[in-house]
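Q: Let me begin by handing over the structure; questions about it come next.
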Amino acid sequence: MPKIGVLALQGDVREHVHMLEEAGAQAIAVRRPAELDAVEGLVIPGGESTTIWKLAEIFDLLEPLRMRIKDGMPAYGSCAGMIMLADRIQDGIEGQQTIGGIDMVVRRNAFGRQVDSFESDLSFAGADVHAVFIRAPWVESVGSEVEVLATAPPGDRIVAVRQGPLLATSFHPELTGDTRVHEYFVNMVREL
Ligand SMILES: NC(=O)CC[C@H](N)C(=O)O
């Protein structure tokens, strides 16, 4: 059973732990570098990317996270987690840093304010899924190594991408009871 961490600094950690277990993984909350060392893959949950970034610095996790990603650890970022995996961001707060890894530009809060949160049916890597967006980012542009896995209205915005062992979605599959996105990620970890 693959051992997969959920970065547990802030955000909907418990929901991801539950979905990973449903998808056939052993799930572990990661708050310290030693816990990060012990996992084969990592989920970065939704929440608030500015807070996750600041807490990652305070907990001395930002550099270890960058090193693991550079070494090829599979990671899946949802919403704020997508922002954390982006090499470049737009509409971040001053000085906001990411872990990086995916060659893309992600625009924070792109779909609008909290009241503009919405749900949409879309196709994710060939599967029909119901996607929940909460103050979600979208992907403005991707590099040539990045595969687009899903787009959403308005305007067919890019909302799911994969670059090698890294996966990111603007939406929150952990809130739907549909485990297929987590299964997709668990399979990515198994393949490595
Ligand atoms: N649901 C979410 O993760 C929202 C992301 C949040 N708007 C951010 O910038 O981090």
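From the backbone N, Cα and C atoms, a Cβ is placed for every residue, glycine too.
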Q: Do you know which of R107, R108, R157 TrEMBL groups with G47, E48, S49, I134, R135 in the L-glutamine site?
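A: So, going by the record in TrEMBL, that would be R108.
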Q: Hey, does DSSP put E48 (L-glutamine binding site) in a helix, a strand, or just coil?
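A: Assignment for E48 (L-glutamine binding site) reads coil.
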Q: For the recorded positions R108, R135, H172, which one has the sparsest Cβ surroundings, going by other Cβ atoms within 10 Å?
A: R135
Q: Can you grab the distance from E48 (L-glutamine binding site) over to E174 (active site, charge relay system)? Cα atoms, rounded to a whole Å.
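A: Between the alpha carbons of E48 (L-glutamine binding site) and E174 (active site, charge relay system) there are 16 Å.
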Q: Hey, of the recorded positions listed (E48, E174), which one tops the CB count within 10 A?
A: E174
Q: Kindly point out which of the recorded positions G47, E48, S49, C79, R135, E174 have a C-beta less than 6 Å from some atom of ligand 1.
A: G47, E48, S49, C79, R135
